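Written out below as structure tokens is the structure these notes cover.
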Amino acid sequence: RYQELTVLLLLLLEGGSWGASPLRPLCRPTNATLAAESDACPVCVTFTTTICAGYCPSMVRVLPAALPPSPQLVCTYRELSFSSIRLPGCPPGVDPIFSFPVALSCSCGSCRLSHSDCGGPRAQPHLCTRPHLSLRLL
């Protein structure tokens, strides 16, 4: 019984230090700079908004492939709102409005492609391919 409690305590202590580590921030709202552009508009706009980012616990089965794979959780929106910016200089007939999600709260869950990019971290952030303008959102 004593050994079981010791092992449990060590696991809890290790888990607590891992979770608090600055190298592995857990899933939470965080500020990020994004880029918005349209093929028809001459300017790319960069802006800062709140996204969900961070690590979620995951599990890999050790048993053979007889069991279905464990679902892998991603850091995704729990609650969100949508905001919009206007891309400047768009010609008549082109919709200049770019809408994007704003994280209000985050959680670890299945990826919802309707409002999340589930591709994982990128070597480079989304960059503008056109001249760009930085906007400050209120």
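Cβ coordinates come from backbone N, Cα and C, glycine included.
Among the candidates CYS52, CYS56, CYS128, the disulfide partner that Swiss-Prot records for CYS106 is CYS52. The disulfide bond recorded by Swiss-Prot for CYS27 reaches one of CYS75, CYS90, CYS111; that cysteine is CYS75. Spacing of CYS90 (disulfide bond) relative to CYS108 (disulfide bond) is 38 Å (Cα to Cα, whole number).
Using CYS52 (disulfide bond) as the reference Cα, a 10 A cut-off selects CYS75 from the disulfide-bonded residues CYS41, CYS75, CYS111, CYS128. CYS128 (disulfide bond): 14 other CB atoms within 10 A of its CB, across all protein chains. For the pair CYS111 (disulfide bond) and CYS27 (disulfide bond), the C-alpha distance works out to 13 angstrom.
Using Cα positions, the member of the recorded positions ASN31, CYS106, CYS108, CYS128 nearest to CYS75 (disulfide bond) is identified as CYS108.
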